[in-house]
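> Per TrEMBL, domain 'ABC-2 type transporter transmembrane' is recorded for 1-35. The annotation transmembrane segment is assigned in TrEMBL to 16-35, 66-89.
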């Protein structure tokens, strides 16, 4: 819907879906790898300043040190989808003569 609900704000009983969603892993990897090691201050909407890496950790729950598992899971999702596609193309044949 155009909104990103950060993991800490998701109700506990829905967090399993966050970890099962490939888009969440992709966004985690992109934001944590690009901005997770920046400690430059940024201005928040309430007028206070906070370091960018601290903001990512406090608001989204993204840690730069978690990039290894994120890369493995993102690659795993890609391999899983490629395998499902190849298996489906091989086994499902809807051509009739």
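Backbone N, Cα and C atoms are what each Cβ position is placed from, and that goes for glycine too.
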> Report, as numbers and ranges, which residues of the same chain sit near the transmembrane segment (16-35): CB under 8 Å and 6 or more residues beyond its ends.
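Non-local partners: 4, 7, 10, 52-53, 56, 60, 62-64, 66-67, 70-71, 73-74, 77.
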> Counting each residue once, how many in the domain 'ABC-2 type transporter transmembrane' (1-35) are helix, strand and coil under DSSP?
26 helix, 0 strand, 9 coil
